[in-house]
Amino acid sequence: MALGARRVAGVDEVGRGPLAGPVTAAAVVLDPANIPEGLNDSKQLSVKRRNLLGDALASSADISVGHASVEEIEQHNILRASHMAMLRALAGLRLRPDFVLIDGAMVPQGLNLRAQPVVKGDTRCLSISAASIIAKIARDKIMVDLAQQHPGYGWETNMGYGSKSHISALRNLGVTPHHRRTFKPVHHMLYQDKNVKP
């Protein structure tokens, strides 16, 4: 896959499924001499363990985060927006990688680097696992901040996903500018003439 490559970047995204908030991607180039122990798919880690690994990666690896906004998700689609976030994350690395390992089945359009998609890469490749951790930490922070601006939706715990309490809050409080209007539950709320919260 990455034979002969000296700087291999792992890329992963988080936030494709939520009803609210951006989609976030991270790119990580690990230092082969200083790889934190316990790297795994971010979904398999406790918050405490994820944050400890995030700190270790921040001090030992080349990391970068990219986002695509709710508006970009609406304008394009969630897959294209995810790829935009990935390209932005890669562009933010300190040094250009020689090769890119991307979680999933597709290489983003417009990526001008040698790359290989890896299905379930967040459990199979350490650099993709690292990227999943960095992306999750970054997006969770955004959702916790947004939860303070829009209390009642539970974003500090559901991170914008369509939990029962989030759906209930949508019915009672209406749709915010941070909701993805093309996603079914939100779309249905708007069709039922629910007030849009400013």
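Cβ atoms here come from the backbone N, Cα and C positions, even for glycine.
A quick note: this is a predicted structure, and the numbers were derived from the prediction, not measured.
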- [ ] With ASP12, GLU13 listed by Swiss-Prot as binding divalent metal cation, identify the candidate in ASP103, ASP140, ASP145 belonging to that site.
- [x] ASP103
TODO: Could you check the binding-site residues GLU13, ASP103 and say which one's CB has the fewest neighbouring CB atoms inside 10 Å?
DONE: ASP103
Task: Coarse DSSP state, helix versus strand versus coil, of GLU13 (divalent metal cation binding site) - done: strand
- [ ] Take the domain 'RNase H type-2' (6-195) and average the pLDDT across it for me.
- [x] 95
